[in-house]
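Down below is the structure, laid out as structure tokens.
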Amino acid sequence: MGGLLQALVGVSEKAAELARLCRREEPLFQLLVAEKTGPNRNRRFLQDFKTLADVLIQEVIKHDLGKEFPELQGHIHGEESNEFRDVHGGTVAVRVCATREDTVALLLSVLGPEQAAAELLADAVHRDVVLQDAALAGTEPSLSPQDLAVWIDPIDSTNEYIRGCEDVPPVDGIAPAGLCSALVLIGAFDRLSGHPVLGVINEPFFQRDPQTCRWQGRYHWGVAHGDTRLCSLSPPDPHPVPRVVLSRAEGAAVRGALGPLCGGHLHFAAGAGYKMLCVILGLADAYVLSKGTTFTWDACAPHAILRALGGGLVALEGALRARREGRAGNPPELVYNRPAEGVGGAERWANQGGLVAYVHPQHLEAVLGAL
């Protein structure tokens, strides 16, 4: 398990470099954006996009993890289809080839004459990542990869990644929008129970290097299995007046119910993963979403880290129902091995009925009581 955790962090670092590389040249980047259609589109957005960065990152993670841990092959799931438009208007299945040269040739079918760009991307795809993290190297919980499956969100908050706003000022440490909310999320869950046990969140656009002005990233990880709780972070301190972060699309009823709890001041941000990260980092005490517009790939990695810190990610509709019915015990948490029945495409994996992310149980109780 320790080897798997290091591998997840390693591929997240490779993914983050690919995300930065694909953003570095704006004219090139505009060539790499494709609109999702049909059942793969998120119904929340009038337009839902994927980028070559999304697809390539997902395929790199699948390739590298499957190669190192054959037990995971067939159990590594991602948000994106690996099909992308080629230069002739058809489609090409993006994948990691056996050699750098073959990967360059495949990428040129998407990039056309951009030989230098294809070579840069292929170099990033095929390079080895060496981690210098003593705490990570010493983490070896007893859980076999053959018991696990993986959800990947190669770039959460893709719309913010595409817009690329780089200098959005934060409000109380929480960025309302912008490139910083584009994250790489990799979560492992128990195949049998569906509970998240391991999560990695990588922030490719955490800060700029003052010398080169290039973006630098950072990562966070957590393990929550049985009685084991390990995390790269310490549990954050609660705020005297709870801070709740919401989507700007959240309805007036939820805003009105939670406003008094927060002293009349709610926070807003883009990206489900980023809002959960705000809770993990202690910038917010809870993230509330009343609609089923997030998916298993958004939530699995943050959920594992929240559990590692002593918190969780509950299904809002189920938690409110249990509260109304007076049922004792912990509210129902999200699980990651059960597709919804009666729907197709991405909606099979929607977190129907909303969610609440929290670290401190008193904040979960306060939010549920307010709602």
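Each residue, glycine too, has its Cβ placed from N, Cα and C.
Any TrEMBL annotation is an automated prediction that lacks curation.
Taken straight from TrEMBL:
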type	residues	note
BINDING	Glu79, Asp153, Ile155, Asp156, Asp298	Mg(2+) binding site
Within the chain of Asp153 (Mg(2+) binding site), which residues six or more apart in sequence place their C-beta under 8 angstroms from its C-beta? Gly78, Glu79, Leu183, Val184, Leu185, Ile186, Gly273, Trp297, Asp298, Ala301
Which Cβ among the binding-site residues (Glu79, Asp156, Asp298) has the fewest C-beta neighbours inside 10 Å? Glu79
Nonlocal residues around Ile155 (Mg(2+) binding site), in sequence order (Cβ under 8 Å, 6 or more apart): Ala19, Thr51, Ala53, Asp54, Ile57, Tyr161, Ala182, Leu183, Val184
For the Mg(2+) site (Glu79, Asp153, Ile155, Asp156, Asp298), what does the 8 A shell look like? I mean other same-chain residues with CB within 8 A of the CB centroid. Ile152, Pro154, Ser157, Thr158, Leu183, Leu185, Gly273, Phe295, Trp297
